[in-house]
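Here the structure comes first, spelled out in structure tokens, and everything after it is commentary.
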Amino acid sequence: MSKKHTTLNASIIDTRRPTVAGADRHPGWHALRKIAARITTPLLPDDYLHLANPLWSARELRGRILGVRRETEDSATLFIKPGWGFSFDYQPGQYIGIGLLVDGRWRWRSYSLTSSPAASGSARMVTVTVKAMPEGFLSTHLVAGVKPGTIVRLAAPQGNFVLPDPAPPLILFLTAGSGITPVMSMLRTLVRRNQITDVVHLHSAPTAADVMFGAELAALAADHPGYRLSVRETRAQGRLDLTRIGQQVPDWRERQTWACGPEGVLNQADKVWSSAGASDRLHLERFAVSKTAPAGAGGTVTFARSGKSVAADAATSLMDAGEGAGVQLPFGCRMGICQSCVVDLVEGHVRDLRTGQRHEPGTRVQTCVSAASGDCVLDI
């Protein structure tokens, strides 16, 4: 992939990058970046660092794709070597942001880490497993079009859907489709810690050929008596009915449960566990935010400090609108949880895509789950 260098007459706005979520956990690296920026002014530190190593950057996290391995017909695992400043002490179940330059534009999405946090002295590499979605431009490109050697931008690991250490004695994993990805990191970590003592895993996929990590899961079940795997092929057997989960897992109420998958599965799990008074033992991870029906006609979104404006309809998030116009916005989960994307609303009104709530000027809004409700101005 070709590398675009910043010219000497670039403005400060031209060189802005998304705020890296989790940067405050490792202030030392970011202090070094600031020092490098001062020493190399008026040139950018990256103008020098890139000559030594394309993974070195004073303003962002970077990584190199070492390889791509197909998991199923529509999914693949990316092996990524992170560069300077990446922290390998993430927790199993967390996700990272990945930015890829496609057709002259940086496209960002968040994906669950499927690797286990690196032990001291181990190879410094992480993996994410991506399922190509019909509406997902970047996911399709990552699965089918990205080549080894490609340099990507990274956002630090984050997320609260994590496995503690030590792990609880009784565990239940409920996964469906690509919802297995964060749990795969947990399983690999349990193996590394030698903590697979009593784990039940119920996984659903349309067919056996659609099961991500199918061979590895089968090997885990064969090698570890404490890991019991049940795979349901929904095309032939229908969807798992969690109201009858007691038939498969009689002690499910006593188990700490991690569930990840389509919205329907998670909503049913939430209801079943709540009805049983076991909500405190259920941990959910949602890959997409539930949105209300669009209201209004959208409007023109102006990004004040970037000096750019773009027309956006009522169903397009402020983040998507901004990135489409080339504005680099801070981001994290992209689904309204982590609060990394909040900016000040200077003028106009925006609407929360989840609740329909209208936000007034002078408030801070989440750009990933808010849309224009008429013309508006954001302080970024």
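Each residue, glycine too, has its Cβ placed from N, Cα and C.
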According to Swiss-Prot, which candidate in C368, C376 joins C333, C338, C341 at the [2Fe-2S] cluster site: C368
Helix-strand-coil residue split for the domain 'FAD-binding FR-type' (58-164), DSSP-based: 8 helix, 51 strand, 48 coil
Cβ-Cβ neighbours of C341 ([2Fe-2S] cluster binding site) (radius 10 Å): 26
Averaged pLDDT, computed only over the residues in the domain 'FAD-binding FR-type' (58-164): 88
